[in-house]
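Enquirer: As annotated in TrEMBL:
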- N105, H110, E115: oxalate binding site (BINDING)
- H108, H110, E115, H157: Mn(2+) binding site (BINDING)
- C30-C46: disulfide bond (DISULFID)
- 60-211: domain 'Cupin type-1' (DOMAIN)
- 1-20: signal peptide (SIGNAL)
Amino acid sequence: MAARFLFLALLALASSHAIASDPSQLQDFCVADLKSDGVLVNGFVCKDPKLAKAEDFFFSGLDKPRDTGNKLGSNVTQVNVNQIPGLNTLGISLARLDFAPYGVNPPHIHPRGTEILTVLEGTLHVGFVTSNNPNNQLFTKVLNKGDVFVFPQGLIHFQFNYGKTNAVAIAGLSSQNPGVITIANAVFGAKPPISDYVLAKAFQLDKKTVDWLQAQFWMDNNN
């Protein structure tokens, strides 16, 4: 009985790992049919392979810096399945991050992907925070050109350019569509808004401060 229980427990654990990431491809490729209507799947419906073309696997313009003249001083160029349909089911994507001096990519999470980032130009102060157990520990590092840092899936993380020159980084992500949840935007910019009483209690602030925060414009630097 004990051996059978152990086998079932191991089988359940293996199964949970097997479905914990993007679905694996069962053919050479599954180009996303981004115009498919009325069909709901976990990901995108495949285009007929006979209709696939080189453009389905191509993106141009990642060499061009993006406008960082905004309140955050940063801009993220996403290259995921929405830009390259051929990434569908392949479990990978990337992004270019541009920073003005003192620009920040604010605390956020990727609910469906781990991120690995390398600095191409400038210097970035980066970090992530662990879950409540163990104790919301902060891991930080100053990255210079050529340095690499990993942000585990689902953990709050940030990047900040505290230098006097622009900074550029490239990030790889372990999902065709890792998603982005910017903490401040989600909490104070939710539509409809989260109860100001709930937020005042949660953040130990007075209600007027919460109302002021909810009235602000919470911009999205991910395009």
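Note: Cβ is positioned from N, Cα and C throughout, glycine not excepted.
Note that the coordinates shown come from a computational prediction; the quantities given were computed from them, not determined experimentally.
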Enquirer: Which residues does H157 (Mn(2+) binding site) neighbour through Cβ under 8 Å, counting only same-chain ones at least six apart?
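Expert: Listed in sequence order, they are P107, H108, I109, E115, V126, G127, F128, V129, F151.
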Enquirer: Under a criterion of Cβ-Cβ distance under 8 Å and sequence separation of at least 6, what residues of the same chain contact N105 (oxalate binding site)?
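Expert: Those within reach of N105 (oxalate binding site), by Cβ under 8 Å and sequence separation of 6 or more, are L72, S74, V76, L97, F99, F158, Q159, F160, N221.
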Enquirer: Where does the mean pLDDT land for the domain 'Cupin type-1' (60-211)?
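Expert: Taking every residue in the domain 'Cupin type-1' (60-211) and averaging pLDDT yields 96.
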Enquirer: For C46 (disulfide bond) and H110 (oxalate binding site), determine the Cα separation and express it in whole Å.
Expert: 24
Enquirer: Sorry to bug you, but what's the C-alpha spacing from H110 (oxalate binding site) to C30 (disulfide bond), rounded to the closest Å?
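Expert: A Cα-Cα distance of 23 Å.
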Enquirer: Compute the centroid of the Cβ atoms of H108, H110, E115, H157, then list the same-chain residues not in that set whose Cβ lies within 8 Å of it, in sequence order, for the Mn(2+) site.
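Expert: Result: I109, F128, F151, L155, I156, P178, V180.
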Enquirer: Given the recorded oxalate site (N105, H110, E115), which additional residues of the same chain have their Cβ within 8 Å of the Cβ centre, ordered by sequence?
Expert: A95, H108, I109, L117, F151, H157, Q159, A171, L173, P178, V180
Enquirer: Enumerate same-chain residues with a sequence separation of six or more from H110 (oxalate binding site) and a Cβ-Cβ distance below 8 A; give 'none' if the list is empty.
Expert: F151, Q153, G154, L173, S175, P178, G179, V180, I181
Enquirer: Look at each of the disulfide-bonded residues, C30, C46, and point out the one with the fewest other Cβ atoms around it within 10 Å.
Expert: C46
